[in-house]
Amino acid sequence: MGNNIKVTFNPDKIAAWWPAVGTYYTTTYPQNQSVFQPGIYQTTSLINPKNQQELDSVLINRYKQIDWNTWQGFPVDQKLPLVSRDPPPKPYINQSAQTFEIKPGPIIVPGIRDIPRGLVPPQTPTNRDQGRKPTPPTPPLRDTHPHLTMKNQTFHLQGFVDGLRDLTTTERQHNAYGDPFTTLSPAVPTVSTILSPPSTTGDPALSPEMSPSSLLGLLAGLQVVYFLWTKILTIAQNLDWWWTSLSFPGGIPECTGQNSQFQTCKHLPTSCPPTCNGFRWMYLRRFIIYLLVLLLCLIFLLVLLDWKGLIPVCPLQPTTETTVNCRQCTISAQDMYTPPYCCCLKPTAGNCTCWPIPSSWALGNYLWEWALARFSWLNLLVPLLQWLGGISLIAWFLLIWMIWFWGPALLSILPPFIPIFVLFFLIWVYI
């Protein structure tokens, strides 16, 4: 059975609500059946309604013809005085007890799913029956801190499942505010069936492409770039010092920095302030130094690519030649589609004369052949270069001796180049 309902008809206000028990007893016969006096309960009976909408439709159809100012047309066959809720000590002849029983319907809250209504605890007796003014209705309870009630989600979900079993209809019901037969019950705090994962305020929102490892790699790359930039600045300053020292064999003098417009303090020519006359020359020297360092890096890159065979250059004087059909001239000398490729000449006979490109040092061989064709005296250096290449141990000892002899003079220049040399060596080995 559902909760019982008590319907009170009063000229000032008509209300419907759910008390724990709504059974009332009347014992007297009416004297005037055409007039319904205030304060008298009209006993009637209804089949147990399924929901609030069915109860509203039954009551509205029954009492829509009533003139509430004169109470004419009210379907009453008895005029009964108000008596106590307590049943009489013994039954009477014309005793009647009527109850309204409905099942609770869903509560519709904007933005939230339909949640089964929980049972409302019985209300305490008010001062309606004592002749006082009606007590103003209590507004519905609101859950102002829903995040505090989500700790024990199992209990709320179990209550939600139990409520779904008792629900007899799935229609959405909307509370009609102002309707005297509409009851607003306190809302029971529950949790929705769709739970979003909790999120902490202030957590960084990472992009799917930006993983922690890639972020660390980016930071490490920025540190390497900053380190290399500081080393390049140091290299430029040391080379500028060396360049300036070439003009002053006895030592670099101090720059007075005196001119007609500005008066500056004494300083070195390698650190002139913007107000000094030597400032523009200092930056011109450093610009040339930066260009030379960039050229050195490009030369190293070309040497590395040429050593790997990634610069296909046809030699001037091929050592081996092959004659193939011109339609096969684009194929490599070893009948492969990978380097080294072959260079072909197309005669009129329809055949091509091809010779292969070296798999390594193709650009070096081309430049050496070009230099020998213009400068014949370079042929005298060929035995020396072959000897240095064949006797590598002697060449290393010679290099060590040169560094030992000129080391103190180059000590202020070589240290900034050491990180660059190490970087070039690693690239040479692992690429």
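Cβ from N, Cα, C; glycine included.
Of the candidates ASN152, ASN351, Swiss-Prot marks one as N-linked glycosylation site, and that one is ASN351. According to Swiss-Prot, ASN61 and ASN365 sit on the same side of the membrane. Remote same-chain residues near the topological domain 'Intravirion' (401-406) are listed as none (criterion: CB distance under 8 Å, separation of at least six residues from the stretch ends). Across the topological domain 'Intravirion' (236-286), DSSP classifies residues as 21 helix, 4 strand, 26 coil. When DSSP labels each residue, the topological domain 'Intravirion' (401-406) comes out as 6 helix, 0 strand, 0 coil, counted as helix, strand and coil in that order.
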